[in-house]
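Novice: Quick one: the structure is below, questions incoming.
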Amino acid sequence: MPQYKLTYFDIRGLGEGARLIFHQAGVKFEDNRLKREDWPALKPKTPFGQLPLLEVDGEVLAQSAAIYRYLGRQFGLAGKTPMEEAQVDSIFDQFKDFMAELRPCFRVLAGFEEGDKEKVLKEVAVPARDKHLPLLEKFLAKSGSEYMVGKSVTWADLVITDSLASWESLIPDFLSGHLQLKKYIEHVRELPNIKKWIAERPKTPY
């Protein structure tokens, strides 16, 4: 079995998807949580000056989505056929667009930037939500299961549900009117390995 080391800050953020994949697969890994003050020294040594980083027997992989895809395929959480794998990638690429549109709102709500919270909710969060959540619901309905693609959980389900749950904790009515997505999130978070990790993981604001 390869030796895995995941390096990210002591928050959920872009590192949590990989942690969830490891826990769902039941694969041991080193969860290296970097202190903010240690980041400037490490940053120039990373491929793109960003975290997370995954080390596999010492070989480094950067970029969160690349890490998710690699781990998903390694652990059988990427779809059962080439077409399912491609559909998983497609849905997650759309979800990344959604998260990119929400980023200005997150930076204000989380206190990284000053701004009018009500304004960013109205002008950024609500339009992005109303544009993208129906697309996710469409894929969920098309699958005919409790997952976005196929009949079993994929890495994209793990990342998407955790991100949406985080947004719902930040904006309580974020999923209002989207009962199907709420049930989807609840189902994935009740998977035994995921439920155990959520109960045990360090409590962080995001």
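Yeah, the Cβs are placed from backbone N, Cα and C, and that goes for glycine too.
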Novice: Looking at Swiss-Prot, which one out of Tyr8, Tyr70 binds glutathione in the same site as Trp39, Lys43, Gly49, Gln50, Leu51, Gln63, Ser64?
Specialist: Tyr8
Novice: What are the DSSP helix, strand and coil residue counts for the domain 'GST C-terminal' (81-206)?
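Specialist: Tallying H, G and I as helix, E and B as strand, the rest coil: 91 helix, 0 strand, 35 coil.
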Novice: Which numbers of helix, strand and coil residues does DSSP report for the domain 'GST N-terminal' (2-79)?
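Specialist: Computed counts for the domain 'GST N-terminal' (2-79) are 34 helix, 19 strand, 25 coil.
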Novice: So of Gln50, Gln63, Ser64, which of the binding-site residues has the fewest other Cβ atoms within 10 Å around its own Cβ?
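Specialist: Fewest other Cβ atoms within 10 Å, among the binding-site residues Gln50, Gln63, Ser64, is found for Gln50.
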Novice: Cβ distance under 8 Å to Gly49 (glutathione binding site), same chain, sequence separation 6 or more: which residues?
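Specialist: Lys43 - these are the non-local Cβ neighbours of Gly49 (glutathione binding site), listed in sequence order.
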Novice: What whole-number distance in angstrom separates the two most remote CA atoms of the glutathione-binding residues Tyr8, Trp39, Lys43, Gly49, Gln50, Leu51, Gln63, Ser64?
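Specialist: Farthest-apart Cα atoms in Tyr8, Trp39, Lys43, Gly49, Gln50, Leu51, Gln63, Ser64 are separated by 17 Å.
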